[in-house]
Amino acid sequence: MPSSQGIIVTEHTSKPWAGRFTEPTDAFVEAFTASVGFDQRLYRHDIAGSRAHARMLTHVGVLTQGECDTILQGLDRVEQEIETGQFQWSVSLEDVHMNVEARLTALIGEAGKKLHTGRSRNDQVATDIRLYLRDEIDAIQAELKRLQTALIDLAEREHDAIMPGFTHLQVAQPVTFGHHMLAWFEMLLRDAQRLADCRKRVNVMPLGAAALAGTSYPIDREYSAQLLGFERVTENSLDAVSDRDFAIEFCAAAALLMTHLSRFSEELILWASAQFDFVDIPDSFCTGSSIMPQKKNPDVPELVRGKVGRVNGHLISLLTLMKGQPLAYNKDNQEDKEPLFDVVDTLRGSLKVYADMMAALTIKRDNMERAALQGFSTATDLADYLVRQGVPFRDAHEVVGKAVRLGVDTGRDLAEMALSELQQFSDAISADVFEVLTLQGSVAARDHIGGTAPAQVKAAAARARRRVL
Ligand code: ARG
């Protein structure tokens, strides 16, 4: 039995489709096939769709204005009952669509029975999910924007904070923390663009496809589409009731977004460790250990990193759900909702917590800078210096390799060596070499669009603010 709140199992409520049946539904089959336990969350969109459908039927003369007014009032009442928790959901009535319609008819009588004219639950459910997902995408975009803004704020504030940049998780070259934050921003901007693109295909109205072939009533689909804010109507009724591509696309975009958050999480977790000690995640986003008094665990990033698993799983569920399905609607499609809902909830929650956490993150500039001084992060700068003195890059690479070897053997960075020591590897080196061996000199030299120089990071942050969707 679906376990959602407020569901009651009524003794074989008479079903809207009971006419051709001689036996009641088996009690277990009834519970097994019902979707009301999870699709009741679509009620607002279901009612919105019904309002538009009733108005369209009136517009084309299938319903009278009086019938329409009665239906609209009745739908308001149903919505209010649901919102105030008075509505009695019934498993016998299978899904949100039949629950709402049955209650409407109980409230207003004859007119309620006319609402389903020229419509099927097949085009109704497809419409509901699209309306629901359109709203959710908008809410997700708002959270995404908050997170992007937090990253840009951090980038601006810390545009000249120096940290080690890594490849292979080995110290590579110094970068600025602001530059790192803007790398995250770029990933999220692509996610926002993908969601915006997906929304275009979500925002198409299947209503009017009816069960699969369209309807014999003189419906005006453009009229309902306008009422519901859909950009256009679906072109083919068979495709309209069976298509769930938009849900798969959304989950794919969500999986990639969650993958990005999992990468941010991995870095934050490392940075928060005693070994790195680059950042301070506020206490309000961490928890302690019940046995180890010293622990402050980065639970939020860890949990978000973990949640990518369920989102990837749901994407595969939906792909597998649709694989091999013949046209048009099949009951299989009822299985689209739980994965989709969970992806929406997981993504929205993860983005919200991340936006809040990043807005409160502080960094430890001294520790970052100290770490950047380890691992010969300015070795490439020395090679570039030699090239500027006319040494071919491959020879320069070898000279620097030998200098690094000396540094490893004597436990010193390149900047800590005497000029004479460096000169034994190449006579192209003179006193001005130390300008490029400092961290500040190294980052400032990467002064082009997309580079890590503090001035570039500041400019990039300003551009990023304008690029947010
Ligand atoms: N509960 C169904 C779903 O979620 C609604 C459509 C059912 N249509 C049908 N002919 N059984 O897909």
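Even glycines carry a Cβ here, placed using N, Cα and C.
Predicted automatically and left uncurated, TrEMBL annotations should be read as such.
These numbers come from a predicted model, not from an experiment.
Of the listed segments 130-157, 158-185, 354-381, 410-437, TrEMBL assigns coiled coil to 130-157. Here the coiled coil (130-157) has long-range neighbours at 41-42, 45, 48-49, 177-179, 181-182, 184-185, 188-189, 191-192, 195-196, 198-199, 202-206, 228-230, 246-247, 250, 257, 340, 344, 347-348, 351-352, 354-355, 358-359, 361, 457-458, 460-462, 464-465, 468-469, meaning same-chain residues at least 6 beyond its ends whose C-beta is under 8 angstroms from one of its own.
Counted with DSSP, the domain 'Argininosuccinate lyase C-terminal' (376-444) comes out as 47 helix, 0 strand, 22 coil.
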